[in-house]
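Undergrad: Starting off with a structure, shown below.
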Amino acid sequence: MTLLESVQSPADVKRLEHGELAKLAAEIRSFLIEKVSRTGGHLGPNLGAIELTLAVHRVFDSPRDAVVFDTGHQAYVHKIVTGRQSGFDRLRKRDGISGYPSRAESEHDLVENSHASTALSYADGLARAFQLGSEQRHVVAVVGDGALTGGMCWEALNNIAADPDRPVVIVVNDNGRSYAPTIGGLAEHLAGLRLKPGYERALESGRRTLQNLPVVGRSLYTGLHAAKSGIKDALSPQVMFSDLGIKYLGPVDGHDLRSMEQALSMAKAFGGPVIVHAVTRKGNGFAPAENDVAEQMHQVKVIDPETGIPTKPAPKIWTDVYSDELVRIGAEREDVVAITAAMLGPTGLDKFAAAYPERCYDVGIAEQHAMTSAAGMAMGGLHPVFAVYSTFLNRAFDQLLMDVALHRQPVTVTLDRSGITGDDGASHNGMWDLSILGAIPGIQVAAPRDAVTLREELREAVAVDDGPTVMRFPKGSVIEEVPAVERIGGVDVLSKPASDERSEVLLAAVGAFGQLGVAVAERLAAQGIGVTVVDPRWVVPVPQAVLDLAARHSLVVTLEDCGRHGGFGWSLAAAMRDQEIDVPLRDLAVPNRFLQHASRDEVLSDLGLTEQDIARRITEWVAGRLTPVVVGNGRGETATGA
């Protein structure tokens, strides 16, 4: 049995001698490289958090002491030492463990935090609850991968600092990066701390000297530490934290277990809020990750565990098409600028940044700021393009509504990973964007179906100069073209019955579901059911051409890869009522529930959003049986639509 196999709980880690910990860390590093190479996942961040996480579990008592990770993707080692090693064979796959903390998996996971910058607010609330209940429990917030660039962290710090007795230990896992190198004034400040370790040595020397004094040593040290303002400016560059009233320890080598344990033990003994600044290296111990200058293997597909090279050639994806077209637009229009919230590569802006570095802005994990900054740029005569994952748009809704749309500013927002993303689970599905966007007056939203329409609709979006535009597209591979047979009022007709056949059903297939809609129509044609398939192209507001076509059919069906509530079908139904178009409408979309991690195809199959299931439902509806039909594989999740 390996040392790692003997570890099934934090108590097992506590029992190990210091000499055994280095061996355990090495075994965990090999385990992560082997397992994540086979499944894909967040490899770099977790290789950099091994010793830090082991130290947390040796000093604190999870689950009695609450351990919260921010960002949640750096919690793999936490999962390993809390009894979930066997689950890594199916990491981020159906019936396997989540890539983020999961309350369903373990009592050690309090928070399913896969959106960044939230841990300190959770920690503040948990600590308040422990204080109110007179419970002697600590909260440990492990904050890393650029999360401190998010505004929520500073709102939380302001509250945590207000109570000198609040039992919160904040471990800053400072690897200098989110996906790419962390940017901004805070990043520069932390870099300065990394370069000036003298304060830690001075503080530790003073602690040892004073605590060795009989009787009064500990009290004297505590008093001097609390009143050290006269000397701290001479010794420490971390005034920002100390002036908030939060004690600071560091920088500490985050890969030195003994140093990390000492720092965490001191923080625990202090009582009250303490920051432990741990300096780590993303991808530590795996040469391919350390040598990956761009992202240090932040997130990988299936790779060779020796070389780090993907085992399969990467297909052309939606992000690639978007990235290339934005560069071409940038060459034609000097007023077009690009904004990202700490995701330059993942959102495809890396090529734009390389071509026009002075016109590309990475604002850190700060979607709210990004949106309002974009409004300001538009007021100044620029046309900003804010590239963001669909799931992170939720954070900037108020800014899009009040700062962009209310002022009718020409800002284009491009939503990558819209619809079902699959393996990252409930928090990363982009199924809420149309529900959010449909409530904003004056906004226009496009949903391309292929590479050709993505290029076309992106250009149409940046041509709008009197209000905000949005373009949504999914994760994954993209086909070059789903051809249209004609365009009517800006709406593409993708297929229709032969001239001598009657079209009974209008099938409006949104975005990437265009190809699926055509396949459904072909299947129904073989059964004698005439179907016209249209791609609305611009889904908000509802195109008049779709309404005109709806009035000429016996049944309207909408098909979309987003939430039903507030989706295109929902909006089309309202518009049909407004225009007194008395034709039945059935909307096939994602039900209003959180969806667990699985592949995109598996999730769509569960929801009945497959060619066979959709055709069967339409057949039943045409036959007059308009009651709900349970489809899918019996897991209890089905697309709504009756």
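Cβ atoms are placed via backbone N, Cα and C, with glycine included.
Found this in Swiss-Prot, in case it helps:
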type: BINDING; residues: HIS73, SER114, HIS115, ALA116, GLY146, ALA147, ASN175, PHE286, GLU367; note: thiamine diphosphate binding site
type: BINDING; residues: ASP145, ASN175; note: Mg(2+) binding site
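Describe the structural context of each listed feature in the structure shown, including burial, neighbouring residues and relevant distances.
TA: Packing around HIS115 (thiamine diphosphate binding site) is summarised by its Cβ count: 22 other Cβ atoms lie within 10 angstroms of its Cβ, all protein chains included.
When Cβ atoms from all protein chains are considered, those within 10 Å of ASN175 (thiamine diphosphate binding site) total 25, not counting its own.
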Undergrad: Can you check what DSSP calls GLU367 (thiamine diphosphate binding site), collapsed to helix, strand or coil?
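TA: Its secondary structure by DSSP: helix.
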Undergrad: Quick one: what's DSSP say for GLY146 (thiamine diphosphate binding site), helix, strand or coil?
TA: coil
Undergrad: Within 10 angstroms of the C-beta of HIS73 (thiamine diphosphate binding site), what count of other C-beta atoms is obtained when all protein chains are considered?
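TA: The answer is 24.
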Undergrad: Using DSSP reduced to three states, classify HIS73 (thiamine diphosphate binding site) as helix, strand or coil.
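TA: Once the DSSP labels are grouped into three classes, HIS73 (thiamine diphosphate binding site) ends up as helix.
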